[in-house]
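So that you can see what the record holds, here are the features copied from TrEMBL:
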TRANSMEM  A:40-63  transmembrane segment
TRANSMEM  A:75-97  transmembrane segment
TRANSMEM  A:118-141  transmembrane segment
TRANSMEM  A:161-183  transmembrane segment
TRANSMEM  A:247-271  transmembrane segment
TRANSMEM  A:277-302  transmembrane segment
TRANSMEM  A:323-344  transmembrane segment
TRANSMEM  A:364-382  transmembrane segment
TRANSMEM  A:394-415  transmembrane segment
TRANSMEM  A:427-450  transmembrane segment
TRANSMEM  A:542-563  transmembrane segment
TRANSMEM  A:583-604  transmembrane segment
Amino acid sequence: MSGTVTPLPARPGLLAAQADFASIGRAVAGGPDRTRARPWWIAFAGACGLLAVFAAALFWLLLNGVGVWDNNNPVVWALDIVAYDWWIGIACGALLVSTTLRLTGAPWRSAIDRVAETATVLAAAAAALYPIIHLGRPWVFYWTLPYPNTLALWPQFRSPLVWDAVDIVSFLGLASSIWYLGLLPDLAALRDRAFEAALAELRAADAGRGRRRRTTLLRAQAYGILALGWRGAVVHWERWLLATRTLAVLGLILVVSLQTGASVMLAGSVLPGWHDTLLPVTFLIGSLLSGVGVTAALTVLVRRALALEALITERHLAALGRLMLVLGLASAYCYATEIFASLLHGDAFDRAVVVRRLAGAHAWAFWTIVACALLPVQLFWLRAARRSGPAVALVGILVAVGSFADHFMLLIVTLSHDFLPSSAHSYAAGAWGVATLAGSVGLFLALLLIGLRTLPMVSIVETRRLAEAHPQGPAAGEAAPREPETAPAPLWGVTAEFASARDLAAAMRTVGSLGARREAYGPVPMPEAAEILGQPAGHIPLFALAAALAGAAAFMAMCLYAVGIDYVFDIGGRPRLSWQSFVVPSVSFGMLCGALATVLALLVENRLPRLNHPAFNIPDFTRATQDRFFLAFEARDDRFDAERIERALLSLRGPRALMIRRVPR
Amino acid sequence: MRQLFAPGADALFRLALLTAAACLAALPVVGAGLMRSSYVTGVGVAPAQPVPFSHKHHSGELAIDCRYCHTSVETQATAGIPPTHTCMTCHGQIWSGSDMLAPVRASYARDEPLHWTRLNKLPGYVYYNHAVHVQNGIGCSTCHGNVTEMQLTYRANAFEMSFCLDCHRNPEKYVRPKDEILTMTWSPPANQAEIGPELVRQYHIRGGERLTECAICHR
């Protein structure tokens, strides 16, 4: 396709017409500056106030024990487990959306995947506190993990408490990996932008205008360290694509395992109301709905706060609205089926639970689900509502509230009244329980606001890939190549700068390698250039698979050894090797191992971190993370002939290089 | 300034990453080691006592029976710390002017017990009964070590749960005949594998499965 322009579909309303690589970078990377306004400080102060409530609630909890939440017997699982399930449900749902969209290659994911992944990490962090603080003695929380102890004891691997501990550690590890790997090229873009600012300041100071501030450079270096020296080489991008997709598969498996595992955990008890065979699906859909709701609300917030209307368009909001509508309908189906099945062939206790859910002491929970989750999403039948930011955000928040009521109903209604009237005991959430919940919301919000101010909340890379797939407006001007600069030897290589990945690939085809080692750098993946240079071996998924299998097998083997061989312990006549109860934590741990292996393999194969590299000597190389593509001919041996390469680049017909340069070592 | 980072930055950064990884890996190793060290467990450390009492001299060289002082070891949960009267049965007659024994005489005169620093302490949630162990084939030295060799008394074993469980899981490896209970130098004989199970049967010990139930020790 060299020289010709393949007609591409016009932008399907997912990106403003005038958006190009540079403007996308400016809009997202400059976003943090726009959050210095007063509303940010007001919101941050509010979040910090909630955090203070959290601190007070935790202090009171440590002083007095979990009784302050008004948990009782039989309602031993109350607000703590409800809140944990709620947070982890939101995290799972958001991760499921992001991974599914990545795997299916939906073009509109560009606007929401960073928001969804951030929501995942933050919700998981809020959830992670609960398994610790709901313990009677939180300071010995590490007793739930297998560690070399002097008690000759293992954690009780059949206990959901241990599942929770392993699951949450694995989930946090995997979600952070996905989030950080996606962020890596964006951090490089932020680094280069900050470095440009530092250089401009330096030039101004040399010219006697303004003064040099140390913090500008430190800021660039901080982003630089976080970006691990990412320089956007072709193979790096190819491996990055492979790694992000691998992580998405691992995340998908983990989410399904966690949510179905949670429902199976309930079904493992004898209590009524927790045994419907549809329950695993109900859990997954409920989690997805709450995850999409929170993601939608945050997307609208990001769009509004960072003024990103050009990148997060009404089409994105409409897609989120449709998703909520579909999931809301699916959720309504699940509730209806469960009620119908219980009434049709459930036993008397099951039917009693249904009646108590609909009309008992905690009936408000069920009707909150109806009023906050099932009904409001019907608004999105209307086109106008789907395209309205406030409507999408409001319904998103309502859906999250409804989801909380769902978890409350599921646990409390069953627990507060089981089989015997004598063991029934009512439950009302205590003030300290509510304070703890509010505090965990404060934690989520505070971290989110800090992220809003320091990190790109919309994926720059994904948005640029969208812009590249749907070009708009006139092609970049036919700039005549400038004469090569003569630099003192020794040479690292000769580089040519291009306006687009297609120009670069065309030039690579025309010029050939000319006895040098070729490498290309750019702000987005360059599949054409990768084809010419040779695709990297696809080791990463294999590493991930091997690590996931080994990790899961090792965890399962450890559980079996612990309960079946090392410390045989008869609990209610359960079988000695009850492998079924170890499946969920084994899968979780396997996925964590897979994720760590993926990240490690990506870094090792790409020889990262590499903070100082000859490629960074290329003049204007900071634009390699912005809107320019660089082709480098590296001097490897005596056959390297700089003049010949420059002549070949200068004589390019069709798309031409904007700049040709000799780069010193 | 051409590059954001100087060439040496990579070496530093990688060193920092490796150090962080090494620290992370070392954390559990160091923690586990510390928890097993005598700094935490107190094994082998002889604390200061009001009187430098020597088990080596009294029960080793003079061969005074353990039960002469620890009178309740065969009948009660605690072995018993001797009252000053027990000391004075001899030291009223010999070494009666010794400066070293002045605190003992003072305790006797004031009718106030000596304040020994306790060596072997179990947590409150552990139920332990000396009589049950001593009557059923577990000798003094299994837990307290060979006190006849201790000039000053120190803790011979860290009484951690794994220590108790070693024996509770496999009592046949540790039980002795009745007449060996007080033998400080006892070690399992070559034919312990044969006589052990027989002794377990004689003592009516119901085996590892029963002895590792939680409620055996945590009542």
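Note: Cβ is positioned from N, Cα and C throughout, glycine not excepted.
The recorded stretches the transmembrane segment (A:583-604) and the transmembrane segment (A:364-382) do not share 3+ CB pairs below 8 A when only pairs 6 or more apart in sequence are counted, and are therefore not in contact.
Counting C-beta pairs under 8 angstroms (sequence separation of 6 or more), the transmembrane segment (A:75-97) fails to reach the transmembrane segment (A:364-382), with fewer than 3 such pairs.
Remote same-chain residues near the transmembrane segment (A:427-450) are listed as 40, 43-44, 46-51, 53-58, 60-61, 68-72, 75, 78-80, 83, 87, 118, 122-123, 125-126, 129-130, 133, 298, 362, 412, 415-416 (criterion: CB distance under 8 Å, separation of at least six residues from the stretch ends). Long-range contacts of the transmembrane segment (A:542-563) within its own chain (CB-CB distance under 8 A, at least 6 residues past either end) are made by residues 146, 154, 157-158, 166, 246-247, 250, 569, 576-579, 582-583, 585-587, 589-598, 601. Counting C-beta pairs under 8 angstroms (sequence separation of 6 or more), the transmembrane segment (A:394-415) reaches the transmembrane segment (A:277-302) with 3 or more such pairs. Contact count against the transmembrane segment (A:277-302) (Cβ pairs under 8 Å) is highest for A:323-344, out of A:118-141, A:161-183, A:323-344, A:364-382.
The transmembrane segment (A:247-271) shares more Cβ pairs under 8 Å with A:161-183 than with any other stretch in the list A:40-63, A:118-141, A:161-183, A:323-344.
Panel annotation: around the transmembrane segment (A:118-141), residues 58, 61-62, 65-66, 80-81, 83-84, 87-88, 90-92, 94-95, 98, 161, 164-165, 168-169, 171-172, 175-176, 178-179, 291, 294-295, 298, 436, 440-441, 443-444, 447-448, 451, 455, 457 of the same chain, lying at least six beyond its termini, place a Cβ under 8 Å from a Cβ of the stretch. Non-local neighbours of the transmembrane segment (A:323-344) in the same chain are 97, 273, 276, 278-279, 281-282, 285-286, 288-289, 292-293, 296, 350-351, 353-354, 358, 369, 373-374, 377-378, 380-381, 392, 395-396, 399; each lies 6+ residues outside the stretch with a CB under 8 Å from one of its CB atoms.
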